[in-house]
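*Asks:* From Swiss-Prot, here are the annotated features:
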- Asp161: active site (ACT_SITE)
- Gly80, Glu103, Ile104, Asn138, Ala139, Leu158, Ser236, Glu237, Glu238: S-adenosyl-L-methionine binding site (BINDING)
- 1-12: compositional bias 'Acidic residues' (COMPBIAS)
- 1-25: region 'Disordered' (REGION)
Amino acid sequence: MARDSEDQDMETETNGAAEGLDPTSAVTGLPQKRFYRQRAHSNPIADHSFDYPARPEDVNWRALYPSIQPDQKVTFADIGCGYGGFLVTLGEMFPEKFSIGMEIRVKVSDYVMDRITALRHKSGEAGAYKNIACLRTNAMKYLPNYFAKGQLEKMFFLYPDPHFKRAKHKWRIINQALLSEYAYVLKKGGLVYTMTDVEDLHQWIVQHMEEHPLYERLKEEEEQSDPITPKLYQSSEEGAKVVRNKGDHFLAIFRRL
């Protein structure tokens, strides 16, 4: 399965909306993914242009969450949220929590933002889906700019880019340097959820997480008793594709010490 962004065809599909076509489905009222297609992954080391806050206190969360109050915080982060399937599930499972999806690809993040807007308008429930939002950013560079020390309760890394080539393993989103940043924004007792269909990447994640002094892996019975665990397999678009193709899932959950 070729996933390294630099090995992919750089050409993306034409955005139908730009050609005057309506990207919104007349049946579901939701944006159609075919108008937002982009290559599978993006180079995290490339010099993308991002606006980002100088410090967490500068983030205007109210612009993303209309109902958030000054004493409330974003506590769940889906890193590399893709097309937002799992992010939507988080919003439904935890209506009292504010969850953010972070995605580096511009068309994909546009899709998630449009999807959330459509869900908010479509839902008849007051406040529905106003607890989820998406940011286009590079989480490998700017995570501490958004979150204060110990702010997050849960972080999710679902089907990240494997960067198969050995020379590019340093680009993997789980590495020793970044694990220290994740530990900084995670509260003690907070959880890191990882899922991949690539066994080599799974072994890499487990090795690096277990070698880091600020994490411990949950026992299998703890993983299976977590109500989020069943959702990790199919809620994301990538996870659903693995299920359709009868592929393997490799799960590991870690606790911040």
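Please read every residue number as a count from 1 along the shown chain.
Every residue, even glycine, has its Cβ placed from backbone N, Cα and C.
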*Asks:* For Gly80 (S-adenosyl-L-methionine binding site) and the residue listed as 'active site', determine the Cα separation and express it in whole Å.
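*Replies:* About 9 Å separates the two Cα atoms.
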*Asks:* Would you count the other C-beta atoms found within 10 angstroms of the C-beta of Ser236 (S-adenosyl-L-methionine binding site) for me?
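*Replies:* The Cβ of Ser236 (S-adenosyl-L-methionine binding site) has 26 Cβ neighbours within 10 Å.
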*Asks:* Under 8 Å Cβ to Cβ from Ala139 (S-adenosyl-L-methionine binding site), same chain, six or more residues apart: give me those in sequence order, or none if nothing qualifies.
*Replies:* Ala77, Ile79, Gly80, Met102, Ile104, Ile173
*Asks:* Roughly how many Å separate the Cα of Asp161 (active site) from that of Glu238 (S-adenosyl-L-methionine binding site), to the nearest whole number?
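*Replies:* About 11 Å separates the two Cα atoms.
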*Asks:* Between the recorded positions Asp161, Glu238, where is the Cβ count within 10 Å the lowest?
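*Replies:* Least crowded of the recorded positions Asp161, Glu238, by Cβ count within 10 Å, is Glu238.
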*Asks:* So, in DSSP terms, is the residue listed as 'active site' helix, strand, or coil?
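*Replies:* Note: the residue listed as 'active site' is coil by DSSP, not helix or strand.
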*Asks:* Among residues Gly80, Glu103, Ile104, Asn138, Ala139, Leu158, Ser236, Glu237, Glu238 annotated as binding S-adenosyl-L-methionine, what is the maximum Cα-Cα distance? Answer in Å.
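*Replies:* It comes out at 20 Å between the most distant Cα atoms.
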*Asks:* Near the Cβ of Ile104 (S-adenosyl-L-methionine binding site), how many other Cβ atoms are there if near means within 10 Å?
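*Replies:* I count 24 other Cβ atoms within 10 Å of it.
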